[in-house]
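Visitor: Here it is: the structure, laid out below.
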Amino acid sequence: MSEETAPYGSGAAAPSSEPSPAPVRKVRTHHLREMKERGEPITMLTSYDMYTAQIFDEAGIDLLLVGDSASNNVFGNETSLPVTVDELVPLTRAVARSTRRAMVVGDLPFGSYQASPEQGYLTAVRFMKEGGAHCVKLEGGAEMAPVIRKCVEGGIPVIAHIGFTPQSEHTLGGYRVQGRGDAAERVLADARAVQEAGAFAVVMEMVQADVAAKVSAELEIPTIGIGGGNGCDGQVLVWTDAFGIRTGRMPRFVKQYADVRTVLLDGAKAYRDDVKARTFPGPEHSF
Ligand code: KIV
């Protein structure tokens with residue numbers, strides 16, 4: 001397909017006579033377990049669309065989470081609570097279609113799994129069937145064990161999410177570090193319960209570093225920290241935080257690796273100035 005006949009905005013690979021790229025070994029649950037066993041840190045980022053999925057996959061990120069944080073980062077809500085399954089499934093589909101190696105994680109949103117194991121299973125099926133996810137993530141510890149068990153028995157790999165769970169922000173009294181003092185036992189008990197229920201990994205959010213390290217050392221399944229310190233088996237960040245799209249106060253656990261907002265802002269201003277000055281389009285852009 002020539003440059004001129006490529007469909008507008010199409011990022012999809014054009015048919016070509018070039019040999020197709022070598023097949024890629026997809027990340028599977030057992031690879032993550034093996035990485036833990038050999039002490040190789042696991043990487044995870046959120047992704048909500050085709051281009052970031054392509055880029056993060058190419059960068060070698062192991063897991064792409066189509067997080068319910070899309071609520072704030074795509075749909076403009078203040079919290080993760082309003083986002084729905086109907087909104088997240090198409091984003092998951094876009095990420096799954098655009099990924100060759102990474103494991104794609106569908107994130108079950110608030111209210112879509114807490115009512116019963118059956119509700120959780122049916123929601124998870126939607127993420128796998130319609131969204132093309134390779135596994136799902138859900139928030140909660142021991143109390144979610146029956147939901148995790150039901151999904152795993154029904155053929156759906158599950159990542160649990162314990163410690164600070166944003167969907168319960170109103171119950172937990174806001175964004176607070178979990179596992180301090182006596183609460184360490186609760187984090188440990190939740191971690192044991194989700195492993196026992198069949199989760200293949202567990203995200204630990206805003207858990208005191210020594211507690212997260214203790215959990216990671218005890219569990220057989222990998223732990224993935226976000227504000228859980230360096231003793232976890234892997235790390236996850238929300239991409240809009242890590243690459244400088246989002247503005248405002250960042251949580252302490254975020255490290256900013258790029259300033260994409262400034263790049264886009266400068267580009268948009270340069271375009272605006274060119275159009276206003278009639279220096280774009282030039283003869284080379286005209287027919
Ligand atoms: O939805 C999300 O982005 C998450 C991360 C905070 C792990 O659950």
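Cβ atoms here come from the backbone N, Cα and C positions, even for glycine.
Because the structure is a prediction, the values reported are computed rather than measured.
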Visitor: Looking at TrEMBL, which one out of Glu37, Glu40, Glu139 binds Mg(2+) in the same site as Asp68, Asp107?
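Guide: Matched candidate out of Glu37, Glu40, Glu139, per TrEMBL for Mg(2+) with Asp68, Asp107: Glu139.
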Visitor: Would you please say which range out of 1-26, 261-286 has the annotation region 'Disordered' in TrEMBL?
Guide: 1-26
Visitor: Taking only same-chain residues 6+ apart in sequence, whose CB is under 8 Å from that of Lys137 (3-methyl-2-oxobutanoate binding site), what do you get?
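Guide: Same-chain residues close to Lys137 (3-methyl-2-oxobutanoate binding site) (Cβ under 8 Å, separated by 6 or more) are Leu65, Gly67, Val105, Gly106, Asp107, Leu108, Val158, Ile159, Ala160, His161, Val203.
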Visitor: Glu139 (Mg(2+) binding site) has how many other Cβ neighbours within 10 Å of its own Cβ?
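Guide: The answer is 24.
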